[in-house]
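Taking it in order: structure first as structure tokens, then the write-up.
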Ligand SMILES: Nc1nc2c(c(=O)[nH]1)N[C@H]1C(S)=C(S)[C@@H](COP(=O)(O)O)O[C@H]1N2
Ligand SMILES: [Mo]
């Protein structure tokens with residue numbers, strides 16, 4: 001039997017158990033709000049939800065991650081954070097109910113969550129040490145004390161006899177605060193009223209007032225923390241706003257006329273920055289102040305290690321190139337591919353100045369490991385980076401300084417390699433090493449060490465399950481095989497013969513190529529399939545492979561009904 005059954009709660013106001021759960025929720029809310037406020041003084045990444053989320057991302061099994069990206073796309077991070085909050089809410093309810101019986105232990109339970117958050121924050125790869133524990137510990141401390149105090153308002157105490165009317169509210173002078181185990185069963189005050197035990201009661205008004213004050217104060221602290229965290233990157237924002245990119249010494253040639261087809265529904269040839277796909281593990285986008293940014297180049301075979309500032313980098317020759325970036329997590333027909341006009345400095349030149357030689361010329365390092373400010377590690381073959389392709393330390397994207405989401409102030413871009421083995425954002429360190437001696441982040445999680453981009457094509461229009469009219473239907477899309485180039489695209493209707501599509505002019509072999517196919521569509525359901533052939537003669541395979549470990553393969557099909 002619970003206390004509530006033995007002692008019917010007041011006929012007016014919330015039942016005691018619900019009040020306990022509510023107390024837990026208020027304490028949990030206060031803990032998160034205080035953690036948010038403290039993290040503004042430390043750094044936003046040290047907040048418990050972000051830290052635990054980051055730790056969860058790093059530990060998520062591949063299959064789950066793949067499923068999350070497939071189902072939630074770029075909302076996967078939001079879903080993760082909401083999931084963490086949902087779990088915390090359940091635990092807060094449970095602790096709040098537990099505190100009715102075990103006042104000290106229940107309140108101390110909140111501290112346990114603080115320890116989990118602190119551990120997650122201090123063991124993140126970009127952790128700055130003990131200070132990262134402060135938001136979690138501070139938040140949990142406040143949450144624990146608050147829960148203890150609220151639990152005091154929920155303790156039984158004698159009801160006031162002189163006000164027998166139902167619905168009475170007792171003043172706080174009757175409050176008893178003699179600890180968790182002091183519930184008295186019956187006792188001298190016992191009296192019964194209408195068959196109900198009204199000998200004991202708890203301090204409803206005191207509880208509601210305390211919980212209300214705590215909730216309002218927490219909302220204030222949380223809002224202030226949010227605001228400060230939002231403004232925390234202001235040096236970085238200012239450094240980006242001040243930045244005027246120098247004119248590239250080697251500008252990109254104009255995109256050839258007609259490389260971007262004017263067909264409704266086709267992806268634009270150059271993907272605008274704000275619709276460029278984003279894939280990374282960062283729950284809080286790093287805001288790096290360009291004036292404080294440094295890039296260190298060191299490691300095996302680096303006879304002249306350097307540390308570069310952002311100005312050093314801008315003083316180098318800048319080149320401008322159109323390059324299509326592709327994510328290894330892109331499913332056949334998927335959206336994680338885009339083309340930008342990048343401005344940056346040649347990575348191979350910088351490496352050569354540092355004394356680096358590719359393995360084919362006797363260099364001892366075959367892997368270049370790029371590290372970001374948030375602890376990401378990305379490994380690329382030194383051979384590919386130095387083989388003459390336009391491997392860039394990029395500072396500009398489509399005429400703008402890199403957006404924060406895409407790696408401000410500097411990122412790598414290497415034509416022909418999937419992003420996870422080439423495109424390190426927020427880069428700060430380049431280490432020359434070997435594939436045998438070091439596995440970077442994604443490789444540790446089951447992805448391939450080396451991953452050149454697979455020849456792929458996508459139908460952008462018509463959309464799946466479209467209902468076009470009979471007659472000429474324009475089928476169109478994009479095909480890519482970066483650094484090899486696209487030679488041919490073919491379309492097949494149902495089980496018919498492969499028919500050559502019209503290729504738009506090629507911008508470069510590092511970019512995708514648009515194609516179109518005017519289809520004489522007859523009534524009924526039809527399946528359209530596309531395949532590309534690259535300039536090395538490779539025909540896009542129809543063998544289906546999943547994204548793990550080195551990129552999806554297979555052919556994109558779209559089913560339509562012609563009316
Ligand atoms: N620091 C950092 N860089 C990163 C990643 C990351 O998670 N962290 N993800 C990589 C992956 S998997 C891809 S596909 C590209 C995506 O770049 P984008 O977000 O600018 O499109 O960034 C790469 N660089
Ligand atoms: Mo990726």
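Every residue, even glycine, has its Cβ placed from backbone N, Cα and C.
Because TrEMBL annotations are produced automatically, they should be read as predictions rather than curated entries.
Annotated features, as they stand in TrEMBL:
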{"type": "TRANSMEM", "residues": "21-42", "note": "transmembrane segment"}
{"type": "TRANSMEM", "residues": "78-98", "note": "transmembrane segment"}
{"type": "TRANSMEM", "residues": "105-121", "note": "transmembrane segment"}
{"type": "TRANSMEM", "residues": "133-151", "note": "transmembrane segment"}
{"type": "REGION", "residues": "159-201", "note": "region 'Disordered'"}
{"type": "COMPBIAS", "residues": "172-201", "note": "compositional bias 'Basic and acidic residues'"}
{"type": "TRANSMEM", "residues": "206-228", "note": "transmembrane segment"}
{"type": "DOMAIN", "residues": "284-438", "note": "domain 'Oxidoreductase molybdopterin-binding'"}
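Listed as Cβ neighbours of the transmembrane segment (21-42) (distance under 8 Å, sequence separation of 6 or more from its ends, same chain) are residues 14, 48-50, 88-89, 91-97, 99, 107, 110, 113-114, 117, 128, 131-132, 134-136, 138-140, 142-144, 146-147, 150-151, 154, 207, 211, 214-215, 217-219, 221-222, 224-226, 228-229, 232. Counting only same-chain residues 6+ beyond the ends of the transmembrane segment (105-121), those with a CB under 8 A from a CB of the stretch are 27-28, 31, 35, 45-48, 51-52, 54-55, 88, 91, 95-96, 98-99, 127, 132-133, 135-137, 139-141, 143-145, 147-148, 151. The average pLDDT computed over the domain 'Oxidoreductase molybdopterin-binding' (284-438) stands at 98.
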